[in-house]
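Listed features, source TrEMBL:
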type     : residues : note
TRANSMEM : 6-27     : transmembrane segment
TRANSMEM : 39-59    : transmembrane segment
TRANSMEM : 65-88    : transmembrane segment
TRANSMEM : 100-120  : transmembrane segment
TRANSMEM : 126-147  : transmembrane segment
TRANSMEM : 159-181  : transmembrane segment
TRANSMEM : 187-208  : transmembrane segment
REGION   : 282-316  : region 'Disordered'
COMPBIAS : 282-291  : compositional bias 'Basic residues'
Amino acid sequence: MADPSFFIGIVGNIISILVFASPIATFRRIVRSKSTEDFRWLPYVTTLLSTSLWTFYGLLKPGGLLIVTVNGAGAALEAIYVTLYLAYAPRETKAKMAKAVLAVNVGALAAVVVVALVALHGGVRLFVVGVLCAALTIGMYAAPMAAMRTVVKTRSVEYMPFSLSFFLFLNGGVWSVYSLLVKDYFIGIPNAIGFALGTAQLALYMAYRRKKPAAARKGEEDDDEEAQGVARLMGQVEMASQRRVQLHKGLSLPKPTAPRHGGLDHIIKSFSTTPVELHSILHQHHHHHHRFDSVADDDEEAAGHDAASYGSRSKR
């Protein structure tokens, strides 16, 4: 019967390769647009170093075939990502990244391999390389903590994709089980930490997946305020229209005397109407006064005419 660790290792290989393949969509976009846009290059350089060191560790460790296969595939993918990034990066970024690749992926890796093969022997060699691999893996698993802070701050899971968090959770869990079966704590410690961080990411995702981002909530509040302002404006326009209708009705009725000029009522109405309405009301008001003045003049003239007629009849 085959060792259970072998089946667990096969499952770990499949999950890890899926995680390594997740940036393919990103680099398809980079190739299509011929630009690296705002994507960061450092994670690909460090992951290339990590997978290269783990491949070396698997070669040193007896029975480390599954460690070699998964990390060899990961190193090949990361090398392709780094090459594509260098091809499409701006000139300044390309120069800085090329120096980092030469220093980390060539210089540092070569130094570790040479020192381990020449200066170290037996269990010490495996211990030193294992410690370096575990430290790099812990750093890789800790990198998504920045995304977790962003989720808490913005109350949105937009910048923490569920699929990546889920596969990191599975990857850490499977390789933790594998490490217990083969009694390899260099694999177990970093992956146990990755499993815990993956669990925390999934918990955050479940907590904030239905919540709207702070910017969206602010936009909705602004929309509500704008709607209230429009409603108030419409109310004022409707009130002004009602006043205008009442004024027209009032002008159609006979009034004994002309309204007083400069009254308190007139001042209040003037402040509550728009300039266009105020002009219309003043025009009607002036017309109204003119009508009453004309009527008053006609009455005075008729009274004078009656008085003259009465005087002339009296003289007769």
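Cβ coordinates are placed from backbone N, Cα and C, and glycine is handled just like the others.
TrEMBL entries are annotated by machine, without manual review.
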Next item on the list: Verify whether three or more Cβ pairs under 8 angstroms connect the transmembrane segment (6-27) with the transmembrane segment (126-147), leaving out any pair fewer than 6 apart in sequence.
Entry: no
Margin query: Same chain only, please: residues at least 6 beyond the ends of the transmembrane segment (65-88) with a C-beta under 8 Å from a C-beta of the stretch. Say none if there are none.
Written below: 6, 9-10, 12-13, 16-17, 20-21, 23, 27, 30-31, 34-36, 39, 41, 44-45, 47-48, 51-52, 54-55, 57-59, 94, 97-98, 101, 105, 178, 187
Check: List, by number or range, the same-chain residues at least 6 past the transmembrane segment (159-181) whose CB is under 8 A from its CB atoms?
Finding: 3-5, 8-9, 11-12, 15-16, 18-19, 22, 66, 141, 144, 147-148, 150-151, 187-188, 191-199, 201-202, 204-205, 209
